[in-house]
Amino acid sequence: MALLGVYCQMVTMTLFIFIPGVVFCQSCNGIRCGDCLIRSGCAWCKAPDYKLNRCDSLKKMIGDGCTNIVKREPSRITVTQNDDFSDGGPGLEAVQIRPQRVKIQLTPNDAEVRLPIYYKIARNFPLDVYFLNDPSYTMRFLIQRLNELANSIADDISLLTTDFRFGLGTSMEKNILPFTDPKGLMYSCNNCDPPYSFIHRLSLTRDVEDFKVALSKVNTTGNRDKPEGLLDGLMQVMVCGERIGWRNKARKMVIYASDIQFHQAGDGRLAGILEPNDCMCHMDSTGKYSKAEIQDYPSVGQIIQKARENNINILFVIGGDESERVRTTVYNSLAAALPGGIDFAAELDTTSSNIIQIIGDSYKRLRDTVKMVSSLLPKEIMLKIYSDCNSDGRFNLTNLCTVLNFNQTLTFDASIQSNLNTCLEERNSSFAIFPEGLDERVTVDLEHACGCDCQMEPEAEPNSAKCNGRGRYECGICICDPGWAGERCDCDERGSVAEACGTEQGICSGVGNCTCGKCECSPGFDGEKCECSDRNCRSYNGLLCGGPTNGICDCGKCACYSNFTGETCECSTSTGMCMTENNTLCSENGICECGECICSAGFTGNHCERCKNCPAICEIQYNCVECAGFNQGLYNQSICDQRCKNVEIVSFLQEASFNKDLTITGCVLRDRFGCIIKFNVHDSENEQTIKIKSLRECPPSPPDPLIIGASVSGAVVLTVLLCIVIWKLLTMFYDNMEYSKFEHDLKNPAWETIENPIYKECITSFENPLREANVEESS
């Protein structure tokens, strides 16, 4: 109650919500006040005499001395409707959500605003229950049981809410082959109705007796295939709100009862039905679906869409011998995709006696669960919903709360933020935040606060004299009428732009804008019509016209400063780099151009100090160096003493150098023995001195060819002899092995003595067989 008291005090005033310290990295720019203030941290100077950038950061604008600054206003919320919670009942309107309507002035790119939304279950919230039954023979027990239990169902529901109504419809199948056989089923059995798609039998009513009468008139019917067309009936129940009698502010439940799977979009092609379902109401005066044989079955997506649009909660009640399979393979997944808190299909027992419990449990589940959702948001709005339904006092990023009770008040915080980058022409819009499956809602009227008061009358001046009567004066500047431009709308742009700024390449050569008859060129271009480009100027050392110290690009050509010359201003007119240490220009042997010496013929060097055709100073001293340093060469001792004076023998030589007082020239010569002689020639104004390094660098003596030849020959002979000896040793070793094997075989023969099979003795005996017979006769 304390929380509600605080809330009631809070909603009586306008809420200003601003969170400091949020900085967006955006530059401040905009030609009008509203376009400027759309960016966080920006301000607008509307002082008439202000000459600097009118759109800038607040800190900089204060520092620049603006005397009239327009600042961004923080976002603010105003509650415009906030009815108290009400439990409802007959003649009373139930209120479960508050506030019901708010107005938000939302500053773009500002910190988020938090809109508190409170929700409390009403004890007697209106309930509309529509029974959509399968009238097949296998579902006849449910119709009978509903008729028997109608009063009990009403009594049980009255314990949950006193404001309830019942409605009834039956749906079977399209009356067309191959789904049904109209002729065969016309009078197929006693008390059987002809086949039909959907019949609305009873609009929502509080009269239970009317509900029972409607149930008693339901006869069974049938079809030829297993799937049934209840989605046709379900679509009509959802979209024919006036015929069904749905109340705008009530919890709407459809109890879909069947025992088999359903036909869906595409199945109608089997009967030659090609027209898709249009999700419209096509119920005739008798309550029958009139386009069953013209339009295809609705798709699952269409069912979900219409259930969400009309806030209808669908409860699937599945019976029959195959209820477990049908529920798990078909209806559970569809229930989970539908809005509301019933995400599974209920199982009807064999006698349908548990229908009362199914209805009661399902209503409690819907009542005790709330999921806050929104209608279609404007594209520039970002919305997040937080809740404290965990009852730990903390808000979490969730829009779903379960297991509620009548004494509990939930708080949802809707975080709303605008991501506009420019002011919209239509600054007002609206959307709704509501519990899914209910028509109760918080309507949010949005106003994008991205304009400035100084842009509106009376502060703004249409056709102002400050703008020469050709524009609107607002926020310190002129917004000129079409055809006029300039700070005070004094520039006539009604003439031909092509005449004023046109070239063969286009307006301002295609690289500028024509303003007030003059071209404003893009960076890198200039000229009266932007015909001159910096790209036509050449660069030196990677810099245009040698860089800012050398020259500038003037209409495609380099204009050099006074101390530079050349096509790219690369040549300096200064002679400092050409002066020697003796302060002579190029050693008086050349001229200075672009800071470099151009030597006369026969001279070379950075300062033309060397003479190509003059006798070399090192070669002139060669004979003196040989005789004085190493007692060799062409000069004998007397000539050497006479000609070679001022000669010194030193261990180390100085490095060659050139200065005003002394020039040291390093020399290297090779004598007739191949030795390298190093010496320096020291020249000064008064004398010339030769300093010779005491040690020559001589190459080692070449080896004696006879010794080399003898060594090579000896090595070859030794190699051959060594190979012969190795071969002989290996041969002897192999022969010894074979002989030893032979001796071993003689001592241990592995054969036996046998006669030669082709041997014949030299004596041959013959015996006459008749001789013995003759002897016997004679005796």
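Cβ atoms here come from the backbone N, Cα and C positions, even for glycine.
What you are looking at is a predicted structure, and each value in this text was computed from that prediction instead of being measured.
Annotation comment: TrEMBL describes 1-25 as signal peptide. According to TrEMBL, the feature domain 'Integrin beta subunit VWA' maps to 32-452. According to TrEMBL, the feature disulfide bond maps to C33-C42, C36-C66, C189-C192, C240-C281, C389-C401, C480-C489, C516-C545, C532-C537, C553-C558, C571-C578, C592-C597, C599-C608 (among others). Summarising the annotation, TrEMBL assigns domain 'Integrin beta subunit tail' to 618-703. Sequence annotations record features per position, and here TrEMBL assigns transmembrane segment to 706-730. The annotation domain 'Integrin beta subunit cytoplasmic' is assigned in TrEMBL to 728-774.
Positions of TrEMBL features highlighted on the structure.
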{"residue": "C36", "record": "disulfide bond", "Cβ neighbours (10 Å)": "25"}
{"residue": "C42", "record": "disulfide bond", "Cβ neighbours (10 Å)": "24"}
{"residue": "C66", "record": "disulfide bond", "Cβ neighbours (10 Å)": "21"}
{"residue": "C192", "record": "disulfide bond", "Cβ neighbours (10 Å)": "16"}
{"residue": "C480", "record": "disulfide bond", "Cβ neighbours (10 Å)": "20"}
{"residue": "C489", "record": "disulfide bond", "Cβ neighbours (10 Å)": "22"}
{"residue": "C516", "record": "disulfide bond", "Cβ neighbours (10 Å)": "14"}
{"residue": "C532", "record": "disulfide bond", "Cβ neighbours (10 Å)": "20"}
{"residue": "C545", "record": "disulfide bond", "Cβ neighbours (10 Å)": "27"}
{"residue": "C599", "record": "disulfide bond", "Cβ neighbours (10 Å)": "20"}
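Per Cα geometry, C42 is the residue among the disulfide-bonded residues C42, C192, C545, C597 nearest to C389 (disulfide bond). Separation of the C-alpha atoms of C489 (disulfide bond) and C516 (disulfide bond): 10 Å, rounded to the nearest whole number. Counting only residues at least six positions away in the same chain, the Cβ atoms of F564, T565, E593, C594, G595 sit under 8 Å from the Cβ of C571 (disulfide bond). Closest to C592 (disulfide bond) by Cα-Cα distance, out of the disulfide-bonded residues C240, C281, C480, C578, is C578. Within 10 Å of the C-beta of C608 (disulfide bond) there are 23 other C-beta atoms, taking all protein chains into account. When Cα-Cα distances from C537 (disulfide bond) are compared across the disulfide-bonded residues C42, C192, C480, C597, C599, the shortest belongs to C597. In this structure, C281 is the one among the disulfide-bonded residues C33, C281, C401, C558, C597 with the smallest number of other Cβ atoms inside 10 Å of its Cβ. Cα of C608 (disulfide bond) to Cα of C281 (disulfide bond): a span of 107 Å. Here is what falls inside 10 Å of the CA of C578 (disulfide bond) among the disulfide-bonded residues C36, C532, C545, C553, C597: C597. Cα separation, C558 (disulfide bond) to C545 (disulfide bond), rounded: 6 Å.
Summarised as a single figure, the pLDDT of the domain 'Integrin beta subunit VWA' (32-452) averages 88. In this structure the C-alpha atoms belonging to C36 (disulfide bond) and C281 (disulfide bond) are separated by 50 Å. For C516 (disulfide bond), the nearest of the disulfide-bonded residues C192, C281, C401, C553, C597 in terms of C-alpha separation is C553. The distance from the Cα of C532 (disulfide bond) to the Cα of C480 (disulfide bond) comes to 31 Å. C532 (disulfide bond) carries a strand DSSP state (E or B). The number of other CB atoms found within 10 A of the CB of C389 (disulfide bond), across every protein chain shown, is 21. In this structure, the C-alpha atom of C240 (disulfide bond) lies 64 angstrom from that of C66 (disulfide bond).
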